[in-house]
Amino acid sequence: MSSLQPTLTNERIGVLDVLRGMAIFGILFVNLAHFSYPDMYLSMLGKENFFMDKWSEADFAAADILKFFIQTKCILLFSFLFGFGMVVMMERAENKGKRFVPLYVRRLMALLLFGTIHAFLIWDGDILTEYALLGFVLLLFRKAKPKTLLIWAVSLYLLFSIPFMLTSFDQSNGQEWVQAVTQQAKQAIHVYGSGSLKDIAEQRIHDRLVYMSSNGMLTYNPLNYFFASIPYFSMFLLGAAAAKSRYLHEPEKHRKGLKRLWMAGLVIGIGAQVLYSVTDKEICLLIGAPFLMFFYVTTVVYLYHKTRVRTVLQSFSAVGRMAFTNYLMQSIVCTWIFYHYGLGLYGKVYPAAGVLITIAVCAVQMVFSHLWLRVFRMGPFEWLWRSATYLSWQPIAKKTKV
């Protein structure tokens, strides 16, 4: 019996790497706001705040475009692919006669360690820790049938959405609160833009703890945290359902279902996003984001199986194969660009310029990923992660042909 090893190139589902590469780039377009200015605090203040007063029309246009097409959609896509990946890994382990649960627990523990280091030592906006913690809950659903996973996913998502349907969530606050949050934002601009390494480290930890408080991590009530994370977890379940249904393995056998999903994504996704742009109601985003995400997925799946277009889409494949490395490198590069220990541009770059910086970083990552994978089988952080998962150092260099 052959030993269980990480998925190799010839065993991969090509369109997944393309989708993963697109998702990791889309996430950077959204995350750049948090890299370059105190977006977490400014979002609490709403549209009327001291920082947005400096924006030009181009900045507002750039922010609106990102909000319409990318915000929330790409992180939901990445969550969908996470759930999909668990099933692929489980099926492969079972085919090799290996126990899956211990393997996946080690994988999640390693991810949790990486995420914690990332969150407190590099960038406070880390999502890896949440994925790792939710991954343990996902394990409970590993044997569920696709229909069961679908029912759970939809039910949980509706449970999360109901409060937004029943109330307008008036976020008006007293003047003292506004002044306190404004001061927090100004402090972040000062520290990240001109502070010492010690100051930046303390600010990063402070901001991370604020974030963890806002999403329920620090309430010491797992239910509070899980409720705040339902959108991600629902996509985990949908991804697992799609993998078990073989929707992306064998798309030609699911043409009708994929076409219906494409139409629903187009009509409902675009329609809800238009309403969100006009009304700014969160419920419209909650409806529109997953549908628009599935519109993107089905469009890419369809185009990927068109020979001429596949060549273009495959340019994202190397990025997707190194998604873990690229995600972490985005944090390392962008904090260097914006924090004082690097170029010190924090608080000086607005959305329009931020889009250009994002495009430049993505272009460099695409070239780097292609060059790296010419020599190596996987990215450097993928190598560390998989070595921890399989409890042995994995071969990383490609075998040279004699």
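Count begins at 1; order follows the chain as displayed.
Keep in mind that glycine also has a Cβ here, set from the backbone N, Cα and C atoms.
Annotated features, as they stand in Swiss-Prot:
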type	residues	note
TRANSMEM	13-33	transmembrane segment
TRANSMEM	68-88	transmembrane segment
TRANSMEM	108-128	transmembrane segment
TRANSMEM	149-169	transmembrane segment
TRANSMEM	223-243	transmembrane segment
TRANSMEM	261-281	transmembrane segment
TRANSMEM	283-303	transmembrane segment
TRANSMEM	327-347	transmembrane segment
TRANSMEM	353-373	transmembrane segment
Taking the transmembrane segment (223-243) as the reference, which of 13-33, 68-88, 261-281, 327-347, 353-373 gives the largest number of Cβ pairs under 8 angstroms?
68-88
Are the transmembrane segment (68-88) and the transmembrane segment (327-347) near each other by the rule of at least 3 C-beta pairs under 8 angstroms (pairs 6 or more apart)?
no
So which residues does the transmembrane segment (261-281) touch in its own chain, when a touch means Cβ under 8 Å and the partner is 6 or more beyond its ends?
64, 67-68, 164, 168, 287-296, 298-299, 302
Using Cβ atoms and a strict cutoff of less than 8 Å, what residues sit near the transmembrane segment (68-88) while being 6 or more residues removed from its termini?
7, 13, 16, 19-20, 22-27, 29-30, 104, 127, 131, 135, 138-139, 142, 231-233, 235-244, 248, 273, 277, 285, 289-290, 292-293, 296-297
Residue list, the transmembrane segment (353-373) vs rest of chain: Cβ under 8 Å, 6 or more residues beyond ends.
25, 28-29, 32-33, 36, 62, 66, 315-316, 318-319, 321-322, 326, 329-330, 333-334, 337, 379
